[in-house]
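What follows is a short report on a single structure.
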Amino acid sequence: MKLKQRVVLLAILLVIFIFTKVFLIDNLDTSAANREDQRAFQRMLAGLRVALDPRLEHTLQSPWEIAAQWVVPREVYPEDTPELGAVMHAMTTKKIIKADVGYKGTQLKALLILEGGQKVVFKPKRYARDYIVEGEPYAGYDRHNAEVAAFHLDRILGFRRAPLVVGRFVNLRTEIKPVATEQLLGTFMTVNNTCFYGKCYYCRETEPACADGDIMEGSVTLWLPDVWPLQKHRHPWGRTYREGKLARWEYDESYCDAVKKTSPYDSGPRLLDIIDTAIFDYLIGNADRHHYESFQDDEGASMLILLDNAKSFGNPALDERSILAPLYQCCIIRVSTWNRLNYLKNGVLKSALKTAMSHDPISPVLSTPHLDALEQRLLSILATVKQCTDQFGPDVVLVEDRMTLSHL
């Protein structure tokens, strides 16, 4: 064989080798990642039922210490949480040793200190399960049951970025008033039932939350450990909340390009977190995430924490597509998120959420129309991603961004 032919043959073999290495190995890696996503999904399904059992494996630790140790920059709780039921049992049964107004925010809530020194945020029931909140998608009072449902959806999606939430019944006369601060006690009244109106931006004496007699249904959200201070950020896709005034993202189709040039969205996981959150919010019908929190001094590396999800599940007939703007304007999504959404098709999402919420003290948490709405919204999300992949190709749209998570 002539030298020139040998050189050509070697060049062809080299090209074939490089092609095999780049494409075949990459595909094997992707397949391995997909298999891990499938295994993670099956583990999630197997652990959906959370029996509220007081027993702890680590008997030398309190449930509060265990929950505090779970928190890391990219998770509020780990995938494997055998003691989740014990922590949630403590949240719904531990004695209330102090009750105060929840100052921050626009909506009525109370800050409770439970036995052992753990803070929780109590949100009272304002609506019946089948009540439909009319008007703008962010209208109405906070929905306590929405907090419970959103927490379990966070588990099902595999995000693990929402603080723990569980339903709780409290006796306002015997559990709250004897340990209430003067500020909170001053907002109590009796109008056939025991009521209170608290202190917040929209709190009014004329609009109290009332118990059924003395017993009030609500939700309690576990306060994140003080060693993890929060930093508040304006959401880049936030609304103006002014009639006739649009935010830039509502009229600028190239808005995502501008976002990508600003910190912390120009590098790191934050933009993909924004898109995960848009998917989460669209499913629950939350159009009110004008700000969000991350851990302080994180330089964009920590998660977007899914706090304050109570403006959700207001109207099952309203699918506010604008919530998905980060997804359809940026046209990117994590591969792991995309896989999880596909695993939840064909009724799996509805069934999984019903199972996850079945042991909650305030079960049934959601009415059937809201569960049905989740199924329809999931299909809309999948269709939106398909439009993106049809336009730009899956290699551009599906982003492999698996964060290493460690619990030391």
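Cβ coordinates are placed from backbone N, Cα and C, and glycine is handled just like the others.
TrEMBL lists ASP288 with the feature active site. ASP288 (active site) is surrounded by 25 other CB atoms, counting those within 10 A of its CB over all protein chains shown.
Feature annotation from TrEMBL assigns ATP binding site to GLN107, LYS123, THR221, LEU222, TRP223, LEU224, GLU293, ASP308. Around LEU224 (ATP binding site), the same-chain residues at least 6 positions away in sequence with a Cβ under 8 Å from its Cβ are VAL71, VAL76, PRO163, LEU230, ILE305.
According to TrEMBL, the feature Mn(2+) binding site maps to ASP142, ASP308. Of all Cβ atoms in the shown protein chains, 26 besides its own fall within 10 Å of the Cβ of ASP308 (ATP binding site).
As annotated by TrEMBL, domain 'FAM20 C-terminal' applies to 190-396.
Separation of the C-alpha atoms of THR221 (ATP binding site) and ASP142 (Mn(2+) binding site): 13 Å, rounded to the nearest whole number. Between LYS123 (ATP binding site) and ASP288 (active site), the C-alpha separation comes to 17 Å. Comparing the binding-site residues GLN107, THR221 on other C-beta atoms within 10 angstroms of each C-beta gives the minimum for GLN107. Largest Cα-to-Cα span within the ATP-binding set GLN107, LYS123, THR221, LEU222, TRP223, LEU224, GLU293, ASP308: 19 Å. A straight line from the CA of GLU293 (ATP binding site) to the CA of ASP142 (Mn(2+) binding site) spans 19 Å. Counting only residues at least six positions away in the same chain, the Cβ atoms of GLN118, LYS119, VAL120, VAL121, PRO163 sit under 8 Å from the Cβ of TRP223 (ATP binding site).
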